[in-house]
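**Student:** So TrEMBL has the following annotated:
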type	residues	note
ACT_SITE	H709	active site, proton donor
BINDING	R19, E20, L21, K22, K121, N126, W576, E620	5-methyltetrahydropteroyltri-L-glutamate binding site
BINDING	I446, G447, S448, E499, D614	L-homocysteine binding site
BINDING	I446, G447, S448, E499, D614	L-methionine binding site
BINDING	H656, E680, C741	Zn(2+) 1 binding site
BINDING	H656, C658, E680, C741	Zn(2+) binding site
BINDING	C658	Zn(2+) 2 binding site
DOMAIN	8-323	domain 'Cobalamin-independent methionine synthase MetE N-terminal'
DOMAIN	441-763	domain 'Cobalamin-independent methionine synthase MetE C-terminal/archaeal'
Amino acid sequence: MTAFPEGTVLGYPRIGRRRELKKAVEAFWAGRIDEAELERTAAELRAATRERLAAQGLGENDSAIPESFSYYDQVLDAAVTVGAIPARFEDLRAEDGTIGLPAYFTIARGEGDRAPLEMTKWFDTNYHYLVPEIGPETVFSLSSDRIVRQVQEAADAGFRTRPVVVGPVTFLALAKAADEAPEGFDPLSRLDDLVPVYAELLGALKAAGAEWVQLDEPALVSESLPASVAELGAAAARAYAVLGGLAERPAIFVAAPYAALDANLSVLAAAPIEAIGLDLVRGTVPAAVPGLADKVLVGGVIDGHNIWRGDLAAAFDTLEVLRGLGAAGVSASTSTSLQHVPHDVEDESKLDARLVSWLAFADQKVAQITTLARGLAEGRAAIGAELDAASAALADRLSAPGVRVDAVRARTAALTEADFTRGDYDARVAAQSIALDLPALPLTTIGSFPQTGEIRRARAQFTKGEITAEEYDGFLRDEIGRVVALQEELGLDVLVHGEPERNDMVQYFAENLDGFDVTENGWVQSYGSRATRPSILWGDVSRPAPITVAWSQYAQSLTAKPMKGMLTGPVTILAWSFVRDDQPLAETANQVALALRDEIADLEAAGIGVIQVDEPALRELLPLKKADQPAYLDWSVASFRLSTAGAEIATQVHTHLCYSEFGVVIDAIRALDADVTSIEAARSRMEVVTDIAAAGFDHGIGPGVYDIHSPRVPETAEVETLLRRAVAEIPTRQLWVNPDCGLKTRGYEETNASLRNIVEATRRVREDVSVAV
Ligand code: GLN
Ligand code: ZN
């Protein structure tokens, strides 16, 4: 067995520094390039990644460079590799049973009446993976050798890389039961059938020259999955006994990112594997357990979630403590894959130099890893200068102007219980029904309308100074006028202005609040070909001037129907930014909440009677460990309430959450005390209404009837079926009709057709329920 490298990263961004992969994949989908050209672009990106990582100091030949490329998603990669695809896609296989690239994309995106795989958040990140569907009949068989070919491709270029694959336990733990599976079926029960395919894969990787393989098993750290920690541990013990026992295999490195392994550390320590990856940003160095001393311990001391340069000296100290466990070796690593951070801070020309000195994007983190690895090999003195430089940057950050602003701190310090509480719900319902006068099953949308090429072009021209502020403003007003007219023509009840002025729902607020900076090229993959540019929240937050008021007021002036004001909530602003790590999130959240509270007061004064405060990330930040959840739910719910509790009782406060696992956070959603909550439901075919009904949720609720993640247009009958399912389980007076999420990623053709079908389906259902209202 070759030694594990002294330093490595668990994964690297795959979208390309200028989102080259996104552009190529979307060009392929649009038929502008063929499969061979797409493959060429992807191969070039992989080559660039290998060379860049080597240039930053990772070894070319010691398995330090991860083979972590993906065209769309690493869980989909695993599903296609082991052939675990739903029956509705079986005909897409080639004659020899393999699953090619076009089929891979069809499974991700759906086609015609074939729904895509469901999508959900990956652990506590803003990355979305595709949910495998597993049933008793699912046949596991090696169906794609893509990862093997990539190892070969690297070898041909003179690199020995380390293939990264989602491990068998995590793969099944994240799967859902296939449609045809019997009630109560557990995908994890198929482990013994799946593991032989992983065994075959490991053999093929070895034959292709892989000395090490990385199997990602983050499920082992989570207390928030359907399977218990003990069940997951038992599954891991079984799986790795088999894989570790293989005669022909690469050395096995099991990575367990996103939190501490806790009880499951013993399982991996006892398993016949060679290396264990620990998240030492979220967790601490564990106590010794039997078997651990035989393993290489890969210390995830550099934060893979965040972009702060951080305390490098403390990271090195942690590695030295880890070394004290008497392990077979210690290696420096990132806590998670770097897929959650942008490529390179050197690509930012507009950020303040002082801010830049506090930051580390993926490439800078790789350099930090090589520094730590050198320290492990040569001793602390050898890296003294680098450690001191990082400490100096940290000290500079603490004392820089804007990081602590007295006026902002005085306001949060003076808050009392009353600032977090709105008026009585029944009184609100009464006041709002007079103010708004809505029909049964009111129709609305989540806020954004398609962000057309025209909108993006106008924004780019404005940014470059090619059109004036007046011209841009006029363009946006015309766009709002069109969107309002369209909604009136369709017959929606609560209208939106369409958010054309926003590039991104968080960045837009970040650009208009003090305490933030935004990046030019800081893209991070969100799902598939989609990437976002998280803002950097580095200082105390305040609102220098109203942000959305003029747009909402203008939109309201164009219609007699209620216009919904549209804000992004404090938790989501935090979740989708890179947030300062020098104070509790609760304090930062309250600063953001107060800025939003002022915005709501200004919207009301401008005549806006419905205001939505989006919190799609509420579930995402939920800590994986049960013990940490109550404190999180306390501050996150409190910050939402602080932002909305100043609203008049006649003002209808909406919120929107982007996922269907309503049951998990039902008490928190109830505690938000929004008048209306819209959620994703179409992708999981309305399963969520059962949870809502069972929980006795009694405020307004809009379970989505249109899956906006897919280009598919839902048929009227399909929407009607979903609506009837909702009506059967939830009192009609509570129900709203809306899509799963905003429409900004869709085109107008699909949007018009889908909304028309939704309006027609609602009309049909209203005929039957009107009596009951
Ligand atoms: N109002 C936002 C939109 O419609 C909400 C987006 C989201 O939930 N992610 O785009
Ligand atoms: Zn959403």
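Cβ atoms are placed via backbone N, Cα and C, with glycine included.
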**Student:** E20 (5-methyltetrahydropteroyltri-L-glutamate binding site): which of the recorded positions S448, E499, C658, H709, C741 is the nearest Cα neighbour?
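**Tutor:** If we rank S448, E499, C658, H709, C741 by Cα distance to E20 (5-methyltetrahydropteroyltri-L-glutamate binding site), first place goes to H709.
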**Student:** Just name the most isolated of the binding-site residues K22, N126, I446, going by other Cβ atoms within 10 Å of its Cβ.
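**Tutor:** Taking K22, N126, I446 as the binding-site residues, the minimal 10 Å Cβ count falls on K22.
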**Student:** Please list, in sequence order, every residue of the chain apart from I446, G447, S448, E499, D614 whose Cβ lies within 8 Å of the Cβ centroid of the L-methionine site.
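**Tutor:** Close Cβ neighbours, site residues excluded: T445, V496, M505, M566, Q612, H656, C741, G742, K744.
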**Student:** Which binding-site residues (L21, N126, I446, D614) fall within 10 Å of H656 (Zn(2+) 1 binding site) by Cα distance?
**Tutor:** I446, D614
**Student:** Just how many other Cβ atoms lie inside 10 Å of the Cβ on C741 (Zn(2+) 1 binding site)?
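**Tutor:** So the number of other Cβ atoms within 10 Å of C741 (Zn(2+) 1 binding site) is 28.
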**Student:** State the three-class DSSP label for E680 (Zn(2+) 1 binding site), counting H, G and I as helix, E and B as strand, and everything else as coil.
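**Tutor:** Looking at the DSSP assignment, E680 (Zn(2+) 1 binding site) belongs to neither helix nor strand, so coil.
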**Student:** Excluding H656, E680, C741, please set out which residues of the same chain place their CB within 8 Å of the center of the CB atoms of the Zn(2+) 1 site, keeping sequence order.
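**Tutor:** For the Zn(2+) 1 site, the extra neighbours are I446, P616, L657, C658, Y659, S678, I679, G704, I708, P739, D740, G742.
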**Student:** Can you name the residues of this chain that are 6 or more positions from H709 (active site, proton donor) yet have a C-beta less than 8 Å from its C-beta?
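**Tutor:** In sequence order, the residues whose Cβ lies under 8 Å from that of H709 (active site, proton donor) (at least 6 apart) are P116, M119, Y527, R683, D740, C741, T745.
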**Student:** In the predicted model, what is the mean pLDDT computed over the domain 'Cobalamin-independent methionine synthase MetE C-terminal/archaeal' (441-763)?
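**Tutor:** Its mean pLDDT is 96.
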**Student:** Identify, among the binding-site residues R19, K121, H656, the residue whose Cβ has the fewest other Cβ atoms within 10 Å in this structure.
**Tutor:** R19
**Student:** Sorry to bug you, but what's the C-alpha spacing from D614 (L-homocysteine binding site) to W576 (5-methyltetrahydropteroyltri-L-glutamate binding site), rounded to the closest Å?
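**Tutor:** Computed Cα spacing between W576 (5-methyltetrahydropteroyltri-L-glutamate binding site) and D614 (L-homocysteine binding site) is 12 Å.
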**Student:** Taking the Cα atoms as reference points, how far is R19 (5-methyltetrahydropteroyltri-L-glutamate binding site) from G447 (L-homocysteine binding site) in Å?
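**Tutor:** Approximately 26 Å lies between the Cα of R19 (5-methyltetrahydropteroyltri-L-glutamate binding site) and that of G447 (L-homocysteine binding site).
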**Student:** Per the record, 5-methyltetrahydropteroyltri-L-glutamate is bound by R19, E20, L21, K22, K121, N126, W576, E620: how many Å separate the farthest pair of Cα atoms?
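**Tutor:** That value is 27 Å for the farthest Cα pair.
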**Student:** Give me the largest Cα to Cα distance among I446, G447, S448, E499, D614, the residues the record lists as binding L-homocysteine, in Å as a whole number.
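**Tutor:** The widest Cα-Cα gap among those binding residues is 13 Å.
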**Student:** I'm trying to understand the geometry here, so how far is the Cα atom of E620 (5-methyltetrahydropteroyltri-L-glutamate binding site) from the Cα atom of S448 (L-homocysteine binding site), in Å to the nearest whole number?
**Tutor:** 21
**Student:** If you skip the near sequence neighbours and keep only those at least six away, which residues in the chain come within under 8 angstroms of G447 (L-homocysteine binding site), Cβ to Cβ?
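**Tutor:** Those within reach of G447 (L-homocysteine binding site), by Cβ under 8 Å and sequence separation of 6 or more, are V496, G498, E499, M505, K564, M566, Q612, D614, H656, G742.
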**Student:** Whole-number Å only: compute the distance from the Cα of K22 (5-methyltetrahydropteroyltri-L-glutamate binding site) to the Cα of S448 (L-homocysteine binding site).
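**Tutor:** That comes out at 22 Å between the alpha carbons.
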